[in-house]
């Protein structure tokens with residue numbers, strides 16, 4: 001009796017895991033201290049206004065640095081940082097290997113000789129050579145070869161808000177990307193890839209917007225035609241994959257015929273890219289058709305579950321907007337985090353280096369603050385995502401355990417947010433911290449694997465990859481268990497450990513049902529993502545086909561498809577959460593209620609039909625197993 005009184009949906013509300021909330025608040029205070037310390041030590045001024053190689057902050061008076069000749073200058077009228085060789089980037093030490101100076105204006109046109117540099121200084125009053133040289137000495141002093149910029153000096157413009165002179169020509173950035181992307185042996189290929197992205201930027205933005213619109217349309221379709229959605233998705237994905245593959249082979253054949261007339265390198269690159277795309281699309285289509293052939297008997301079982309989830313979205317339309325709010329909050333936090341990280345990169349005391357210039361370094365325990373900052377990135381990001389999960393779970397729980405849907409709150413989403421803020425922030429903090437504890441070792445191992453690439457033996461490499469894979473699997477399992485623990489907390493207002501234990505017991509008791517629902521339901525949602533990516537990619541192929549003579553498709557199409565998948569995943573993951581929460585609510589309902597007076601079911605009839613059909617299907621597949629037959633008897 002006591003175990004059956006444990007579940008009182010929406011009856012009792014109490015604060016859960018308060019010590020963990022206090023710990024999380026203290027951690028956030030520590031994050032604020034890191035930000036405040038970096039600002040107080042002058043890092044904000046050095047980041048925003050910039051500083052030269054002698055420790056002088058541009059645009060203000062400076063204090064003399066002991067042992068540095070050109071430090072302590074009054075640079076009130078020199079507000080921009082100019083690098084003598086801006087394209088000389090040291091990736092290992094993450095800095096530009098060039099002397100930095102404060103100048104009053106950036107060169108807005110290319111300067112080809114020292115005479116042009118001297119004329120620019122006399123005309124604009126902006127000296128681009130080191131401070132000890134006067135403009136009249138630029139063409140006569142032998143030190144000018146080292147103390148003046150490398151010519152030709154590229155045309156540059158100041159970066160908004162950061163007062164750095166940056167080259168306008170993208171070839172400089174192409175050389176930087178060339179150092180990052182080691183698999184590109186021909187630098188001209190990389191230059192053409194980047195120019196293709198810049199040429200097609202309007203098309204890329206339009207296609208990204210198209211993927212967003214298609215995702216929202218799919219969510220609307222899920223709401224109103226959930227009964228036929230599964231079959232529509234199945235047919236559209238088959239037609240889309242076959243059609244996309246056929247179009248790719250048709251374009252390849254067409255361009256191969258006309259390749260003799262176009263002997264440009266861009267045309268050859270596009271032809272090769274089309275062949276790779278066509279082969280990859282063919283392999284993908286064959287695998288997809290085989291999977292759908294195997295799962296064809298279970299497709300019908302998903303229809304009832306989608307129907308119930310569609311009802312949830314009809315009553316809770318604001319669920320569709322959850323990805324926007326979560327993404328907006330994450331963007332705000334990531335912007336803050338990156339800003340503080342940049343502050344930390346310029347904080348510390350001025351120290352002369354071996355070249356006679358100034359570097360800012362932190363001494364003592366303070367130099368490890370960025371580790372604390374990295375942990376904050378993981379924990380707070382997971383906390384924000386967990387808040388979304390708790391909000392969705394609370395809203396769906398309110399819908400499920402309200403017998404008369406007319407009595408639902410005006411905005412169940414806001415009611416769920418209110419319960420989260422008032423009672424369950426500690427539970428969310430604890431669950432997100434557990435995920436953080438798994439993520440950090442995995443990221444450390446990935447970093448070690450990257451640093452030792454090519455140096456370790458085969459056994460060590462295999463062990464590292466196995467550990468990384470095991471931690472990844474553990475993280476996914478804990479994420480799924482956390483989501484169900486949040487649902488149990490929303491139902492019964494229990495702390496994280498109790499909720500996780502109760503949810504785990506429920507899931508184990510319904511293991512075969514969970515497997516059937518997750519397998520078929522997740523696969524159909526995956527088909528929805530594939531549909532959006534294929535539609536966006538097909539539109540991109542047709543649009544970029546008009547630019548095939550002067551741009552390369554590879555990078556623009558990859559960017560568009562990745563963004564389309566990300567958008568589709570954000571939207572359909574909400575649908576997946578709703579399905580998981582509904583199933584846990586149903587399992588609890590069937591365990592603690594039997595339909596008798598005083599213990600009436602809360603469930604929807606369609607959901608009961610789905611589970612019964614799933615039971616019959618699994619029972620037929622495993623006929624002859626007595627233990628399975630006993631486990632699947634109706635409760």
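In case you wondered, yes, glycine gets a Cβ from its N, Cα and C as well.
TrEMBL entries are annotated by machine, without manual review.
Which of 228-253, 410-435, 436-461 counts as transmembrane segment depends on TrEMBL, and there it is 228-253. Residues 274-294 are the range that TrEMBL records as transmembrane segment, among 169-189, 274-294, 463-483. Feature annotation (TrEMBL): of 523-544, 589-610, 611-632, the stretch labelled transmembrane segment is 523-544. Within the same chain, residues 234, 237-238, 241-242, 244-245, 248-249, 251-252, 255, 523, 530, 553, 557 sit at least 6 positions outside the transmembrane segment (274-294) and bring their C-beta atoms closer than 8 Å to a C-beta of that stretch. Below 8 angstroms of C-beta separation, residues 221-222, 271, 274-275, 277-278, 281-282, 284-285, 288-289, 292, 299-300, 302-303, 306, 310, 524, 527-528, 530-531, 534-535, 537-538, 541, 545 of the same chain, each at least six residues beyond the ends of the transmembrane segment (228-253), sit close to that stretch. Within the same chain, the transmembrane segment (523-544) stays apart from the transmembrane segment (327-348): fewer than three Cβ pairs sit under 8 Å, each pair at least 6 residues apart. Between the transmembrane segment (327-348) and the listed ranges 20-45, 203-222, 368-401, the one holding the most Cβ pairs under 8 Å is 20-45. Remote same-chain residues near the transmembrane segment (20-45) are listed as 57, 60, 336, 340, 343-348, 360, 366, 369, 372-373, 376, 379-380, 383, 425-427, 429-430, 433, 496 (criterion: CB distance under 8 Å, separation of at least six residues from the stretch ends). Through the fold, the transmembrane segment (368-401) approaches residues 9-10, 24, 27-28, 30-31, 34, 37, 312, 315-316, 319, 322, 325-326, 329-330, 333-334, 337, 340-341, 344, 362, 408-409, 412-413, 415-417, 419-420, 424, 427-429, 431-433, 435-436, 439-440, 443, 482-483, 486-487, 489-491, 574, 577-578, 581-582, 585-586, 589, 602-603 of its own chain, all at least 6 residues removed from its boundaries and within a Cβ separation under 8 Å.
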